[in-house]
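Undergrad: Got a structure here, written out as structure tokens. Questions coming.
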Amino acid sequence: MTRRAVVTLLIVNLGVSVIFALITLVLHGPVLAYQYEHHPDADPAALSRTLWTRPIPVLLVAVLYARLVRQLLVGDPRALRRVRIVSVMGLTGVTWLLLSAEYPAWLRIVEGVQLLLLAALAITVNLRVVRNEFNAPTPVDIRPRNRRAAWTLILVAPVVAELMLGNVPLKQIWILPVFIPIYGAGALLIRELVRRTGGGFRAMLLLGLAYGLIEEGLALRSLTSPHIYGAAGWAPRLLGINSAYTELNLVYHPIFSITIPIVLTELIFAGHGPRQYLRRGGLIVTGAVAGLGALLVRVAVVPAEDPGYDMPAVAAVVIVAVAGLVAVGAFRVRPKGGSVVGAESGRPSGQHAFPPTQGEPPLAIIAGNSGSEPAACGQPATVEDARATGPAVPLSPTGLTIWFGVAAFGFLALLFPFAGSKQSFFTHGNWAFLPMIAAAAIVTAAGVLLRRWSANPAWTQAHLLGAALGAIIGHIAFGLVANAETLPDRLFLVALAALTTALGARAIRRLSRPTTQPGPSTVLNTTSANSD
């Protein structure tokens, strides 16, 4: 038994996982009919969702093997430990599939083969002869990486985008992992692409817009479908597009699904600065998982929510073209004055909203356990000094929290029908265009003010966190009003809002403490060290 035997088992298991997923995809109808025959009282839509959500996680775990192959071939002992962990996870998942699902015999044979392969893999990696081949010291890789930050972003993104809006009730909390690949990997992929190319918040927002077009337009097909979610009734359709629904989601995804989770993660791991979280292999895997996440949403949600809808080919081509143009535009946008976070205003590159704080431990900002305070680079001594610099003086962090909380709630309330309303903001017919215009005005005003405030040297991490915190609380409040249908769901969102407010307020207080400002040379040197 050698390392090549481990690699062979990994590759074969990956192939079986792909075969299993493809069979489930191609023969979805017969498998579903078999299950319904054995459970005639079950909801066909629920069976369909369950059928799609079960094989994909096993495939995603198997995809991780591809990254381990190269590390195994060079004898990296860390790779062997990871294979042990992943093989146990795979064994657990496949065993659960065999025991908990009613699959035809021919599909259970595939699962049985995979179970045997995983068992052989788990045994092989623990043989002494194999372990002895991985005892050589491994060269230290000095390329930047931060796994904890990457995993934090992966988990934060679906929580902000789905859970905090009340889209996932407590009785269906088990489906939240379904959204982790598309939201978590999608946000991480965008963050890495932006940081590697020297982009800033505008690039994040534009790539978030492209993300929204792909998720809503292609994966869910909700921008054009006349049936899904009742979105066609929110406002009159324009050119075959669900107008109000499209406006809502093409603003919501760039802000709440992408940018805010990235902002929170980069504040938590402020010491890492704008450097990349992943190396090349991790970036490739993240892109693959994001693509599989879109496929998972497509096959798990659409058959249940919108069966029978065939999206026009012209609409799909237009959506792909627009998303591509937006993505190209995102990579052409460059922050004025530098490539670091927050340098999109006219200030010098060393004066930014995320000052580099090397050595800052994770969660230090929120937990308050750091020995070093993040410096508010370029912050003037007084508000009068800041006012004299030209750009508008920002509100206090608390004021920003209130302002953006109201703005977020107002934007969602103007577009998303609630309290029994069928159209946006209790309108009828063409009157629905009025709240759409008002919602666009709120977004425009918020964007203009945020740009002016962040251009002032007085803008700090505390201000940025205050703005993000307000938007989060505002959209939790709207979820409480519009989406929480049961008392447990309402209590859960109230608790979530209270916890978010408490942690955010504590972090703002910590970031607002006066600190010793570094000199220009210190800022420039540290910034250079943290650049990609």
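Our numbering is plain: 1 for the first residue shown, then up by one each step along the chain.
Each residue, glycine too, has its Cβ placed from N, Cα and C.
Found this in TrEMBL, in case it helps:
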- 7-31: transmembrane segment (TRANSMEM)
- 51-69: transmembrane segment (TRANSMEM)
- 81-99: transmembrane segment (TRANSMEM)
- 172-190: transmembrane segment (TRANSMEM)
- 197-214: transmembrane segment (TRANSMEM)
- 250-269: transmembrane segment (TRANSMEM)
- 281-301: transmembrane segment (TRANSMEM)
- 313-331: transmembrane segment (TRANSMEM)
- 400-419: transmembrane segment (TRANSMEM)
- 431-450: transmembrane segment (TRANSMEM)
- 462-484: transmembrane segment (TRANSMEM)
- 490-508: transmembrane segment (TRANSMEM)
- 513-532: region 'Disordered' (REGION)
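Describe each of these features in terms of where it is and what it packs against.
TA: Residues of the same chain lying 6 or more positions beyond the ends of the transmembrane segment (172-190) and with a Cβ under 8 Å from any Cβ of it are 49, 53, 56-57, 60, 150, 153-159, 161-163, 204, 207-208, 211, 215, 219, 257-258, 261-262, 277-278, 283, 286-287, 289-290, 292-294, 296-297, 300.
Through the fold, the transmembrane segment (462-484) approaches residues 160, 164-167, 169, 255-256, 260, 263-264, 267, 342, 353-354, 376, 394-410, 412-413, 416, 418-419, 450, 453-454, 490, 492-494, 496-497, 500-501, 504-505, 507-508, 511-512 of its own chain, all at least 6 residues removed from its boundaries and within a Cβ separation under 8 Å.
For the transmembrane segment (490-508), same-chain residues at least 6 beyond its ends with a Cβ under 8 Å from one of its own Cβ atoms are 163-164, 166, 170, 267, 365-366, 368, 397-398, 401, 462, 465-466, 469, 472-473, 476-477, 479-480, 484.
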Undergrad: When each of 81-99, 250-269, 431-450 is checked against the transmembrane segment (400-419) for Cβ pairs under 8 Å, which one has the most?
TA: 431-450
Undergrad: Short question: which residues 6 or more past the ends of the transmembrane segment (431-450) have a Cβ under 8 Å from it?
TA: 234-236, 243-244, 247-248, 251, 392, 403-404, 407, 410-411, 414-415, 423-425, 467
Undergrad: When you scan the chain for residues with a C-beta under 8 Å from the transmembrane segment (250-269), skipping those not six or more beyond its ends, what do you find?
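TA: For the transmembrane segment (250-269), the sequence-distant neighbours (Cβ-Cβ under 8 Å, at least 6 residues beyond its ends) are 146, 148-149, 152-153, 156-157, 160-161, 165, 183, 186-187, 190-191, 201, 204-209, 211-213, 215-216, 341, 354, 360, 362-363, 365-366, 411-412, 439, 443, 461, 464-465, 468, 471-472, 475, 507.
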